[in-house]
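Visitor: Summarising the annotation, TrEMBL assigns transmembrane segment to 12-31, 43-65, 81-99, 105-127, 139-156, 162-186, 198-216, 228-252, 259-280, 286-303. For 16-303, the entry in TrEMBL reads domain 'Sugar phosphate transporter'. The region 'Disordered' annotation in TrEMBL covers 323-346.
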Amino acid sequence: MALSESVVKKVLLSYTYVAIWIFLSFSVIVYNKYILDRKLYNWPFPISLTMIHMSFCSFLAYLLVKVFKVVELPSTMTRDLYLKSVVPIGALYSLSLWFSNSTYIYLSVSFIQMLKALMPVAVYSIGVLFKKDSFKSDTMLNMLSISFGVAIAAYGEAKFDSFGVMLQLLAVAFEATRLVMIQILLNSRGINLNPITSLYYVAPCCLVFLCFPWLVMEYPLLRDTSSFHLDFVIFGTNSLCAFALNLAVFLLVGKTSALTMNVAGVVKDWLLIAFSWSVIKDTVTPINLFGYGLAFLGVAYYNHSKLQALKAAEAQKKVQQADEEAGRLLEEKEGEGTGKKTETQD
């Protein structure tokens, strides 16, 4: 049976959104590695780079929201809610970005992607800790299989750096906590922020939090490095890629689903590992690949389980709606029957 033109168009658009997101995510990761790595551009100031990104994103988000009015801000966002919900999320986001960018100084791109496979483990564990998710033995077994695969990949890493690994694990932990806090502090109150409104609220907050470690750790070094001049082409295009990535997330999740982005993320990780090995000439060992392969299977099974759970929930919702509709029709029919009986008696 031939597919209709609308279905083909929808599928092609979905693949286009996926391709755009993979390309931009790929570009931001490789670009950050290029800037921060001491053997490449040699500008090892991750807090400063993150602050440049947040300043750029804050400015563009303000233009899109207040000047061009591309998106509307949620009317339920009050000052009290901002202080109690957005500020903690901004603090977690600043730590996540700071530590994840710092890892590019110490670890290879391929190994960083392997460590990022622990994200579902961290999100589920923290969700259980905060009672957002229920503990299930089969899910925990899956999480352990992912962790085991990443441990094997770490064991096979040729240029293992314990400090870099610690930074990446902290970045994963803070990012997972941020995602759970978004569900607890915002989504539970009916506030769903898209990437543009998220940047509008979170980026300035994140910038303020980053100022404190920057003043202590990086500002003195930058002040004493009189030979350094900010390259507006390098940092401008890098910041533009980072902002475009947020818009790509908005398109991908809005037009497809968050689960599609998770699946696309797996494809992106394999592409980055291949790029890191073939172009950057990072060492990727067979043990690396075997361990990440195990973790990949665990993540794939986790995504499959989430998809099945979403389908079951959607089917249950449809059944419930059908039951409610049938009950309403029955009540109307009984009401009509009662009315006719009363008329006949009269």
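Yeah, the Cβs are placed from backbone N, Cα and C, and that goes for glycine too.
TrEMBL entries are annotated by machine, without manual review.
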Visitor: So which of 81-99, 105-127, 139-156, 259-280 has the most C-beta pairs under 8 Å when paired with the transmembrane segment (12-31)?
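Guide: Most Cβ pairs under 8 Å with the transmembrane segment (12-31) come from 259-280.
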Visitor: I need to check the long-range neighbours of the transmembrane segment (286-303): which residues 6 or more away from its ends have a CB within less than 8 Å of a CB in the stretch?
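Guide: Here the qualifying positions are 110-111, 114, 117-118, 120, 139, 142-143, 145-158, 259, 262-263, 266, 269-270, 273.
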Visitor: Counting only residues 6+ away from its ends, which parts of the chain sit with a Cβ under 8 Å from the transmembrane segment (228-252)?
Guide: 17-18, 20-21, 24-25, 27-28, 31-32, 35, 41, 43, 49, 52-53, 55-57, 60, 194-196, 198-199, 222, 260-261, 264
Visitor: What same-chain residues lie close to the transmembrane segment (105-127): Cβ under 8 Å, and 6 or more beyond its ends?
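Guide: Beyond its ends, the transmembrane segment (105-127) has Cβ neighbours at 29-30, 33, 36-38, 44, 46, 133, 139-140, 143, 146-147, 149-150, 153-154, 157, 159, 161, 163-165, 167-169, 172-173, 175-177, 179-180, 183, 269, 272-273, 275-277, 280, 282-284, 288, 291-292, 295-296, 298-299, 302.
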Visitor: Which range out of 81-99, 162-186, 198-216, 259-280 gives the transmembrane segment (43-65) the most CB pairs under 8 Å?
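Guide: Most contacts with the transmembrane segment (43-65): 198-216.
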Visitor: Rank 81-99, 198-216, 259-280 by Cβ pairs under 8 Å to the transmembrane segment (162-186) and hand me the top one.
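Guide: So the stretch in question is 81-99.
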Visitor: Can you tell me which parts of the same chain pack against the transmembrane segment (259-280), counting only residues 6+ beyond its ends and a CB-CB cutoff under 8 A?
Guide: 14, 18, 21-22, 25-26, 29-30, 33, 108-110, 113-114, 116-117, 249, 252-253, 289, 292, 296, 299-300, 303, 306-307, 310
